[in-house]
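Below is one structure, written out as structure tokens; comments come after it.
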Amino acid sequence: CTVIFTRLATRDLHKPISILFCNLAVSDLFTSFSGFWISMLFITNPDITIFGSRDMLAPYALYTTSILSTIYNLVSIGIERYLAVAESMRTRFRVARNHSIAVVFISWVLAFFLGCLPLLGWNCLHAERSSSVLYSPFCVNYLIFIAVPNIAVAFVVPLFTYLRIIIILRKRKLRMKACGQATGTYKSAEIQVARTSISIWLLALVSYAPFFAGVIFDATNRRCHTDLYPGVYIFRNCTAMLITITCLGNPVLYTLKLRTLGAKLKALRCLSANRVRACTI
């Protein structure tokens with residue numbers, strides 16, 4: 001909420017990256033709200049969060065939707081940062097405000113569609129054999145369908161984009177060094193990108209890898225709920241806490257760190273543009 005109100009108060013939403021930051025904060029807010037909803041259901045009736053009930057479909061669907069939206073936002077921010085760096089090198093494509101709005105709209109539509117599939121009928125209320133142990137009444141095949149491709153995207157795409165940014169900055173630094181020009185700005189930006197990307201990777205790995213492990217456990221496990229109580233459900237609660245930590249860590253990583261990084265990248269684009277003009281003249 002602090003990130004959202006700060007962005008709105010400063011009227012900084014004309015920048016494409018600011019729109020993505022604000023949307024990421026909205027996704028984190030939805031994740032926190034849905035997690036609080038599930039916690040309240042556990043306090044009032046713990047059995048339905050273990051054995052499953054129709055009352056769990058809506059909060060689990062909202063929880064899944066918010067997590068998917070967060071993943072799509074993280075991927076979008078990585079791609080936007082890559083285009084911001086590569087734009088001054090060899091491409092003429094420039095990320096505009098309309099592009100960011102379109103990405104936000106598409107990500108929410110996709111997240112709502114995939115997250116609400118259990119509400120549309122893909123659930124295991126009447127098919128206990130294929131029901132998930134950790135997230136009843138979700139089906140195991142639905143969790144696999146959601147978790148495997150989306151978590152793969154959350155790891156692979158940011159890895160590619162941030163590595164490409166580091167490679168581009170290093171090439172520019174070496175090129176300017178060969179020309180006898182100062183490379184301090186490029187070196188500083190390269191270090192900042194490396195630190196931020198490592199932090200993003202570690203936070204995503206710590207947050208989503210246990211959830212993915214839980215889905216794999218669901219797919220391979222054939223025992224009933226009571227045989228796994230309470231250890232497996234403690235693990236499930238820990239994965240939910242880790243995802244909540246992601247909601248707390250995202251504003252620190254993106255709103256604070258990348259604000260300075262964005263200024264550095266803007267300075268780099270100005271340097272590159274001046275160099276192109278000088279060569280043309």
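Note that Cβ sites are derived from N, Cα and C of the backbone, with glycine treated the same way.
Automated prediction, rather than curation, is the source of TrEMBL annotations.
As written in TrEMBL, here are the features:
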| type | residues | note |
| --- | --- | --- |
| DOMAIN | 1-254 | domain 'G-protein coupled receptors family 1 profile' |
| TRANSMEM | 17-40 | transmembrane segment |
| TRANSMEM | 60-79 | transmembrane segment |
| TRANSMEM | 100-122 | transmembrane segment |
| TRANSMEM | 142-167 | transmembrane segment |
| TRANSMEM | 198-217 | transmembrane segment |
| TRANSMEM | 233-256 | transmembrane segment |
Long-range neighbours of the transmembrane segment (233-256), counting only residues six or more past its ends (CB under 8 A): 2-3, 6, 21, 24-25, 28-29, 31-32, 35, 38, 50, 67, 70, 74, 77, 134-135, 196, 199-200, 203-204, 206-208, 210-211, 214
The transmembrane segment (142-167) vs the transmembrane segment (17-40): 3 or more CB pairs under 8 Å: no
Confidence summary (mean pLDDT) of the domain 'G-protein coupled receptors family 1 profile' (1-254): 79
